[in-house]
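Per Swiss-Prot, Zn(2+) 1 binding site is recorded for Cys39, His64, Glu65, and the stated evidence type is sequence analysis. If you look up Swiss-Prot, you'll see Thr41, His44 marked as active site, charge relay system. The annotation Zn(2+) 2 binding site is assigned in Swiss-Prot to Cys94, Cys97, Cys100, Cys108 on the grounds of sequence analysis. Annotation source Swiss-Prot lists NAD(+) binding site at Ile176, Asp196, Arg201, Leu263, Gly264, Ile265, Val287, Tyr288, citing sequence analysis.
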Amino acid sequence: MKALVKAKREEGIWMQHDVPVPEVGVHDVMIRVTKSAICGTDVHIYNWDEWSQKTVPVPMVVGHEYVGRVERVGAEVEAFRPGERVSGEGHVTCGFCRNCRAGRRHLCRHTVGVGVNRPGSFAEYVVIPADNVYRIPDDIPDDIAAIFDPFGNATHTALSFDLVGEDVLVTGAGPIGVMAAAIARHVGARHVVVTDVNDYRLDLARRMGASRAVNVAREDLRAVMSELGMREGFDVGLEMSGNGRAFRQLLEVMNHGGRIALLGIMPGPEPIDWSQVVFKGLQLKGVYGREMYETWYKMVAMLQSGLDLSAVVTHRFSIDDFQQGFDVMRSGRSGKVVLDWGVAR
């Protein structure tokens, strides 16, 4: 089959046409991929940075954001049938550790990542356990279904705390950050402010419903808060940037008793003024992946109740033009990039 493969221990990803079709175990589902999306993780793997070198075995079929149709099911699978439109949870868990048995599969200490530690979805076919397959309702477009993985990250992070009537600061205007901003507005936050230094992505944040999108390289965040009539600090912080300076500013403008969910990963140790956390009584929560499968349920429910994410998909290419897609993603001047496998729905 045709697939995008991390075939060499160097920068780049390569199209190969002779990749073996993955085998289907008795509890597995084979999905024929119709559309894929490029994730920031895929860019890290493309760049072959320090994290990728330590994490990804080579060769590896990459990719974990997709939508497709069930092609084949294992002998013990009864919940799905060929032809159904589906996506899939990209974290394969053990099912036996304490967290898995308690229904907290997103905290499994033995998680294996699709497209990172096992063959992924930048391929004509991907095989995952049936437990990881999620059926897509007919009223959700393919382009949106293809980005359920990062949409799930945004949902898990944004819905970590009650947002109704709250003032929310999102640090980082990447695709996940702007989707989190849209979610916050959808569920009833009062002011949703997004910060970044990338004007392209700040404009995208405005289109996604942010009250204000602030370039902190040249704008005063506290002045913006004053203009919005905020007399105290932010009630909820969503840290999406993985930038130490952004996180420190977030701590400075949080209200006492504020709550912070952290999804962004800082590249190394960062000096933090912990007195901001202690004396303000802040709550910090690390977020990884999606809650299985409550996050997925809420994603569908929000889309069906009017959440509009269409603006976040900014570029579309044929899979044969994947290099253009990666170039756009690496430029920083894009939202989500979707690759079409040319398969009829």
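The backbone N, Cα and C atoms fix where each Cβ goes, and this holds for glycine too.
Values in this document were obtained by computation on a predicted structure and should not be read as measured data.
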Rounded inter-Cα distance in Å - Cys100 (Zn(2+) 2 binding site), Ile176 (NAD(+) binding site): 26
Residues satisfying Cβ distance under 8 Å from Cys108 (Zn(2+) 2 binding site), sequence separation of at least 6: His91, Thr93, Cys94, Cys97, Asn99, Cys100
Check: same-chain CB within 8 A of Zn(2+) 1 site center, minus Cys39, His64, Glu65: Ser36, Ala37, Ile38, Thr41, Asp42, Gly63, Tyr66, Gly90, Gly115, Gly120, Ser121, Asp149, Pro150
Coarse DSSP state, helix versus strand versus coil, of Leu263 (NAD(+) binding site): coil
DSSP-derived structure type at Glu65 (Zn(2+) 1 binding site), helix or strand or else coil: strand
Which of Cys39, Cys94, all binding-site residues, has a Cβ with the fewest other Cβ atoms inside 10 Å: Cys94
Sorted by sequence, non-Cys94, Cys97, Cys100, Cys108 residues with Cβ within 8 Å of centre, Zn(2+) 2: Thr93, Gly95, Phe96, Arg98, Asn99, Arg101, Arg105, Arg109, His110, Thr111
Binding-site residues compared (Cys97, Ile176, Leu263, Ile265, Val287) - the one with the fewest other Cβ atoms within 10 Å: Ile265
Close binding-site residues near Thr41 (active site, charge relay system), where close means Cα within 10 Å, chosen from His64, Ile176, Asp196, Arg201: His64
Cα distance (Å, whole number) from Cys39 (Zn(2+) 1 binding site) to Gly264 (NAD(+) binding site): 14
Candidate with sparsest Cβ neighbourhood (10 Å radius) among Glu65, Asp196, the listed binding-site residues: Asp196
Distance [Cα-Cα, Å, rounded] between Cys39 (Zn(2+) 1 binding site) and Tyr288 (NAD(+) binding site): 15
Rounded Cα separation (Å) that holds between Val287 (NAD(+) binding site) and His44 (active site, charge relay system): 19
